[in-house]
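*Asks:* TrEMBL feature annotations, pasted as is:
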- 17-34: transmembrane segment (TRANSMEM)
- 46-66: transmembrane segment (TRANSMEM)
- 97-124: transmembrane segment (TRANSMEM)
- 144-169: transmembrane segment (TRANSMEM)
- 181-200: transmembrane segment (TRANSMEM)
- 220-249: transmembrane segment (TRANSMEM)
- 261-282: transmembrane segment (TRANSMEM)
- 316-341: transmembrane segment (TRANSMEM)
- 353-373: transmembrane segment (TRANSMEM)
- 393-415: transmembrane segment (TRANSMEM)
- 436-456: transmembrane segment (TRANSMEM)
Amino acid sequence: MQQANAKKGSTRWSNRFAYILAATGAAVGLGNIWKFPYIMGENGGGAFVLVYLLCIVFIGVPVMMAEVAIGKQGRHTPGHSVSDVAKASGKPAWWGFVGWMGVISGYLILSFYVVIAGWALAYIFKAGAGQFGSGDPKAVANLFAGLTGNGWALLGWTSTVILATVLVIGKGVKAGLERAVSALMPLLFVILLILAGYAASEGDFGAAFHFMFDPDFSKLSINGVVVALGHSFFTLSLASGIMIMYGAYLPEGVSIAKSSLWIAFFDTLVALIAGLAIYPIVFANGLEPGAGPGLIFQTLPIAFGQMPGGRIVGTLFFIMLVFAAFTSALALIESSVAWLVEKRGFSRWGAAFAAGFGIWLLSLGTIASVAELPISQFAMPWGKSDFFTMLDYFTANIALPIGGLLIALFTGWVANKGLMAELIDAKAVFRLWHPVIKFLAPLAILLVFLQLTGIIQL
Ligand code: PFF
Ligand code: NA
């Protein structure tokens, strides 16, 4: 076994359960707990949630199956795996760029992901130390501004997150990644349930339920639809190299269809519960649902300061957020590390530190755009705070949907149909999956984009 693992392309998750846990750890992250609640708030609630759910089921799950299948066939890093599937289908190897695009998107996303994860880490200590006080909105706003305005503090928290990621990923897929995820994910689910129970008993659950599940389509813009589509990729870790890479470690005999459904189910469940844990508190305290990226850092602490037991609950909340972010950061860096080992002859530890150092350098762009660093005036010639906003918008709403479109087109039109049928286990599932990946998913993504650019109006 030891020997087999040393051979290239032979690393595998321990079993089906370990794979589902690792992939769920990759999926459940800041996207569910930080991003989903605030973009839902910005885009009007119920109608946005409905479109988001449709995107998950009809586009996200089929694309996830496609990516895992590619990884399982190639057993290499994403670019190489897509090339392999192309070659096995008698098509040119340059199709590998589809995998490469994902790895690059994932790397760019990680560069701001670690900064937000750093905010969450800092907030564990602020909550624990009782710094939300009695929940005075002004004091809480100052606390957030004090953190995000302090470039050196952000640099410290961000560097800590990156270092922790490097130290776990350097140990390898099984001894590092799989072990960390097996410990953190069960804890995350326990904390989430405690929080949801607390919110249901202490907050305005009815108002939150109405906000999230009563669709009002007059509140949904075409940009909101694009955000929902982009977020369905973001939240499921698609088009970012992750699911191709995790598929490369898939043990034999695991159903790609069933495991993908479980992963999407858990991810959606966590996002919805996070919404149902956060919005009752938001509404019970008369807070603003459209507060943007600061929602859980600026509005929730007001409530934590005012509610009974808020200090403990607040601390638990940010611990959960850090666990979720951390297991996703591990996933976001894995493809780059594996590539350095596979193609550039790095040791696992060397690759982990090299990839981590690159992320650290890139993260300076995001830090310098929210706070003042000595490089701020060079990094942001077009004005402060734009780099982060642009990077987030570009990666989530453009790079991920286009990456997903390319995966769908590649597996639907380029890859050999017989080969895909073999990979997507059950015959009945394949017959359902193939027309979706060939026609429905690409068409839906294209329609949304053409709408956005104003080329067509539905
Ligand atoms: N899926 C994780 C989240 O929702 O936070 C992490 C993530 C992976 C985000 C891949 C974006 C991405 F492209
Ligand atoms: Na997610």
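Using the three backbone atoms N, Cα and C, a Cβ is placed for every residue, glycine included.
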*Asks:* Using Cβ atoms only, state whether the transmembrane segment (220-249) and the transmembrane segment (181-200) have three or more pairs under 8 Å that are 6 or more apart in sequence.
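*Replies:* Touching, no - the transmembrane segment (220-249) and the transmembrane segment (181-200) miss the threshold of 3 or more Cβ pairs under 8 Å.
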*Asks:* At a C-beta cut-off of under 8 Å, are there same-chain residues at least 6 beyond the transmembrane segment (316-341) that contact it? List them, or none.
*Replies:* 22, 25-34, 77-79, 102-103, 106-107, 109-110, 113-114, 116-117, 120-121, 123-124, 127, 161, 164-166, 168-170, 173, 176-177, 180-181, 184-185, 187-188, 191-192, 194-195, 237, 240-242, 244-246, 270, 296, 300, 304, 347-348, 350-352, 354-356, 358-359
*Asks:* Cβ pairs under 8 Å with the transmembrane segment (393-415): which stretch of 17-34, 46-66, 144-169, 181-200, 261-282 has the most?
*Replies:* 46-66
*Asks:* Among 17-34, 97-124, 144-169, 181-200, point out the range having the most Cβ pairs under 8 angstroms from the transmembrane segment (353-373).
*Replies:* 144-169
*Asks:* Per the definition of 3+ C-beta pairs under 8 A with sequence separation of 6 or more, do the transmembrane segment (97-124) and the transmembrane segment (17-34) touch?
*Replies:* yes
*Asks:* Looking at 46-66, 144-169, 261-282, which one has the highest count of Cβ pairs under 8 angstroms to the transmembrane segment (17-34)?
*Replies:* 261-282
*Asks:* Would you kindly list the residues that approach the transmembrane segment (46-66) from elsewhere in its chain, counting only those six or more residues past its ends and only Cβ-Cβ distances under 8 Å?
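*Replies:* Beyond its ends, the transmembrane segment (46-66) has Cβ neighbours at 36, 39-40, 210-217, 219-220, 224-225, 227-229, 231-233, 235-236, 238-239, 243, 256-257, 260-261, 263-264, 268, 275, 404, 407-408, 410-411, 424, 433, 436-437, 440-441, 444-445.
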*Asks:* Give the nonlocal contacts of the transmembrane segment (181-200) in its own chain as ranges (CB under 8 Å, at least six residues past its ends).
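*Replies:* Sequence-distant neighbours of the transmembrane segment (181-200): 18, 21-22, 24-25, 28, 208, 270, 273-274, 276-278, 280-281, 309, 313, 316-317, 319-320, 323-324, 326-327, 330.
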